[in-house]
Amino acid sequence: MNAHQIFVQDVTLRDGMHAVRHRIGLDDVRRIVAALDAAGVDAIEVAHGDGLAGSSVNYGPGSHTDWEWIEAAADVLERARLTTLLLPGVGTIHELKTAYDLGVRSVRVATHCTEADISAQHITAAREIGMDVSGFLMLSHMAPPAELAKQALLMESYGAHCVYVTDSGGRLTMNDVRDRVAAYRDVLDPATEIGIHAHENLSLSVANSVVAVETGAVRVDASLAGHGAGAGNCPIEAFVAVANLSGFEHGCDLFALQDAADDLVRPLQDRPVRVDRETLTLGYAGVYSSFLRHAERAADQYGVDVRELLMECGRRGLVGGQEDMIIDIALDQVGAVAS
């Protein structure tokens, strides 16, 4: 790919699951996938918000299984690449192979930004069965550029075709993104692609995605109406508009994406996906975006300020998988007030 040709991956039906508490009907999945496919996106990711086998008490139960969602997507998909997400320790190689049997041809293997070594088995297994594989270094703001690049190099050594700067907390500024993508490019093989996964918590998702492309990223995550955890992901319709103005080459139809965002996705949201006092605090504190709904429930249950709860999550450096700690923090805050 040349410097301005991009690969647009939609995450409405994976990261967007967080925005609806992992509850979406199969007919809605089919409608959204068909619309995305017709609008020209390159890949469509489908899974529980926390990846294959993520449905649980800790992360939140899904309304359907991953397999039901994936089968519904595969039923109507004609052109785009069907993709999924896997977190080692949550999903297994068995689940990966089942997804492949159902038509998934690309997977992102996700770890915390300093734990790339735990992705080795899963990346290797995905390559062995013939999948396109990306490494997904979550909460990328928690590692400086040089350290993050070392982790990306590990994922490349295991066989990843692409490694992402994954701004799970929506905490990265444009300079932060530029520095991390440049650090990747300095150490990765020229054939290894770089991806950007942005969140809107600081209202920088489109800007950060554009900066990433200008610095060397090829794969860009985005979602209809920004449907995703926290304040959402990079809104695909806004990004495509800016991509057109910036001269990036892609195959997406802007108006078709606008229609799908407004007609199919916004009506599903039981809580507006937007920058507000709670989601802005996520980005400011550097907290995993999917903590939002968990923190709001805990704050309501124990009568604490959700912003103070999120700030303490940030101070403690909580990472994905530690959602249960949110209640402990809320109880600590209640105790501090009582004393």
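Note that Cβ sites are derived from N, Cα and C of the backbone, with glycine treated the same way.
The candidate list His4, His161, His197 contains one residue that Swiss-Prot assigns to the substrate site with Arg14, Asp15, Ser168, Tyr288, namely His197. The Cβ of Tyr288 (substrate binding site) lies under 8 Å from the Cβ of Met138, Leu139, Ser168, Gly169, Ala229, Leu282, Leu318, Val319, Gly320, each of which sits 6+ residues away along the same chain.
Least crowded of the recorded positions (His18, His197), judged by neighbouring Cβ atoms within 10 Å of its own Cβ: His18.
In this structure the C-alpha atoms belonging to Arg14 (substrate binding site) and His199 (Mn(2+) binding site) are separated by 14 Å. Pairwise Cα distances among Arg14, Asp15, Ser168, His197, Tyr288, which the record gives as the binders of substrate, peak at 15 Å.
Between His18 (active site, proton acceptor) and His199 (Mn(2+) binding site), the C-alpha separation comes to 13 Å. If you take the Cα of Asp15 (substrate binding site) and the Cα of His199 (Mn(2+) binding site), they are about 10 angstrom apart, rounded to a whole number. Around the Cβ of His199 (Mn(2+) binding site), the same chain contributes Asp167, Ser168, Gly169, Gly170, Ser205, Gly228, Ala229, Gly230, Ala231, Gly232, Asn233, Cys234, Gly283, Ser289, each under 8 angstroms and 6 or more positions distant in sequence.
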